[in-house]
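The disulfide bond feature in TrEMBL is assigned to C31-C112, C36-C42, C81-C87. What TrEMBL records for 1-19 is signal peptide.
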Amino acid sequence: MKVLCLLLVLTILFIQGEALKNLMGTDIHKCISCLCHARTGCWRRRNCASYSISFDYWKTAGSPVLDPSHDPDSEESYKKCLLDENCIVNTIDKYTSSFGELDCNCDGKFDCKDRFAIHLNGERCVNPNFGRTYARRFNECAQSIGVKEMLSQEGYKGCVLPDVQ
């Protein structure tokens, strides 16, 4: 009977979702901090979330939830996620990884600049034109935390991305 109860609990937890990874203080957190600063001009991830993370964006990211018992399909879980910095970082990380490691600027690597292009443009991120304001804000942040700086226009004329399945 104990084994049956344990299996039932494990099944429920598996179905409901997984716990968030703690991304605070990691390289991905640093990247997303710069991405959010570039997007909004401020340093608070909550502001980034309110401007950048729609319900559909959150769903594409796999609906990260604060607690595995939260319903990953509910508007309430979405709103709770946007109030938690680690959940915001997980959402942006998962969204920008959801199309594979797209090298949007064709520089031979998947990095923070590619994540920013995906964050802004989704899978249609080839040859991103960030503009001077986004590039300046991103670079202000990048200098302070050691993330590679970006140009206002990344990529080149022959840069083509593979089709995303």
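Easy rule for this one: first residue shown is 1, then count along the chain.
Glycine too: its Cβ is placed from the backbone N, Cα and C atoms.
Figure note: comparing Cβ neighbours within 10 Å for the disulfide-bonded residues C31, C87, the maximum is reached by C31.
Looking at C31 (disulfide bond) and C87 (disulfide bond), their Cα atoms lie 15 Å from each other. Sorted by the number of other CB atoms within 10 A, the disulfide-bonded residues C36, C112 start with C112, the lowest. For the pair C42 (disulfide bond) and C112 (disulfide bond), the C-alpha distance works out to 18 angstrom.
In this structure the alpha carbons, written CA, of C87 (disulfide bond) and C112 (disulfide bond) are 18 Å apart.
Taking the disulfide-bonded residues C42, C81 in turn and counting surrounding C-beta atoms within 10 angstroms, the largest count is reached at C81. In the three-state DSSP reading, C36 (disulfide bond) counts as helix. Each residue contributes its Cα atom, and for C112 (disulfide bond) and C36 (disulfide bond) those atoms are 11 Å apart.
Comparing C36 (disulfide bond) with C81 (disulfide bond), their Cα atoms are 16 Å apart once rounded.
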